[in-house]
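Annotated features in Swiss-Prot:
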type	residues	note
ACT_SITE	His149	active site, proton donor/acceptor
ACT_SITE	Lys153	active site, proton donor
BINDING	Gly7, Cys8, Leu9, Gly10, Arg11, Met12, Gly96, Thr97, Thr98, Ser117, Cys118, Asn119, Met120	NAD(+) binding site
BINDING	Arg34	NADP(+) binding site
BINDING	His150, Gly159, Thr160	(S)-2,3,4,5-tetrahydrodipicolinate binding site
Amino acid sequence: MKIGIVGCLGRMGRIIVQEVVGTGGVELSGGVVRRGNGLVGEDMGAVLGCGHGAKITDSKEFLFDCSDVVIDFSSPECMLECVGIASEKRVPLVSGTTGVDERDFRTHAEKVPLLWSCNMSLGVTLLLELVKMAAAGFRGYDVEIRELHHRAKKDAPSGTSLMLGKAVAQGMGVELESQQHTFGSGCRRSGAVGFSVARGGGVIGDHAVMFLGDDEIVELQHRAIDRRVFARGAIKAACWLVGKPAGLYTMSDVLRA
């Protein structure tokens, strides 16, 4: 199976390339970088020190033409372009790009299998299921979602925190917007869902969901200690997605397989 990488020289892209090279049954078809990058045309494996054979290109269309499935970790603008190309060429796409919305995928998912998740970790995927169960059982408890990331992370709350918030709301049987507590908005009403965000150091990702009752606190937590967990999840998702009917999938579908 040939896997193409969009954003192959980015922080996550480099790790995914290395993991694909070390995974049996799959091979790199190529990688996309921004137009004007001086490495266009170079051997991707040679540049990253992990094998040979796949070229770096600035043409997304070319990458999709030579791939069985494409993995995207880029920018929202680049991701939207990739979704359109995937739909046109009927090539499955796995995207871990944040700062976008499920609605950006819906129309194209009628033509091609797409999988999008703000977090490719199977551990976080399982945490989402546990949070739904806990929220259904702890109705009336206050909920606080805490996150800590490296100093360079731009979006806040993170995409993962928002997924956890939606999981809480689903467990409660409500819409997140109706239950969300905004810091500084006054006293907290019973059962509200709040978000606490911290940035600093080189923390990869630390998320916790606290269910706060009057006489007990229950906390569910996930801590990423190596970015490879996201790369391995993305590769697993890519292998799973090939051959699936058109539609929009999540890591929960992969976990249940």
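Every residue gets a Cβ built from N, Cα and C, even glycine.
Sequence features annotated in Swiss-Prot and their locations in the structure.
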{"residue": "Gly7", "record": "NAD(+) binding site", "Cβ contacts under 8 Å, 6 or more apart": "Gly13, Gly31, Val32, Val33, Asp72, Phe73, Ser74, Cys78"}
{"residue": "Leu9", "record": "NAD(+) binding site", "Cβ contacts under 8 Å, 6 or more apart": "Gly31, Val33, Asn37, Leu39, Val47, Leu48, Ile56"}
{"residue": "Arg11", "record": "NAD(+) binding site", "Cβ contacts under 8 Å, 6 or more apart": "Arg227"}
{"residue": "Gly96", "record": "NAD(+) binding site", "Cβ contacts under 8 Å, 6 or more apart": "Met12, Ile71, Asp72, Phe73, Trp116, Ser117, Cys118, Asn119, Met120, Phe230, Ala234"}
{"residue": "Thr98", "record": "NAD(+) binding site", "Cβ contacts under 8 Å, 6 or more apart": "Pro76, Cys118, Asp155, Ser158, Gly159"}
{"residue": "His150", "record": "(S)-2,3,4,5-tetrahydrodipicolinate binding site", "Cβ contacts under 8 Å, 6 or more apart": "Arg199, Gly200, Gly201, Gly202, Val203, Ile204"}
{"residue": "Lys153", "record": "active site, proton donor", "Cβ contacts under 8 Å, 6 or more apart": "Arg199"}
{"residue": "Thr160", "record": "(S)-2,3,4,5-tetrahydrodipicolinate binding site", "Cβ contacts under 8 Å, 6 or more apart": "Cys118, Asn119, Val124, Glu147, Gly205, His207"}
Additional residues surrounding (S)-2,3,4,5-tetrahydrodipicolinate, by Cβ distance to the His150, Gly159, Thr160 centre under 8 Å: Thr98, Cys118, Asn119, Glu147, His149, Lys153, Asp155, Ser158, Ser161, Gly205, His207
Cβ packing number for Gly159 ((S)-2,3,4,5-tetrahydrodipicolinate binding site), 10 Å threshold: 16
Distance from the residue listed as 'NADP(+) binding site' back to His149 (active site, proton donor/acceptor), taken between C-alpha atoms, in Å: 26
Per DSSP, three-state class assigned to Thr160 ((S)-2,3,4,5-tetrahydrodipicolinate binding site): helix
Surrounding CB atoms that lie within 10 Å of the CB of His149 (active site, proton donor/acceptor), all protein chains: 25
Neighbourhood of the residue listed as 'NADP(+) binding site' by C-beta distance under 8 A, where only residues 6 or more apart in the same chain count: Asp58
Cys118, Met120 as binding-site residues, winner by CB count within 10 A: Met120
Three-state secondary structure, Arg11 (NAD(+) binding site) (per DSSP): helix
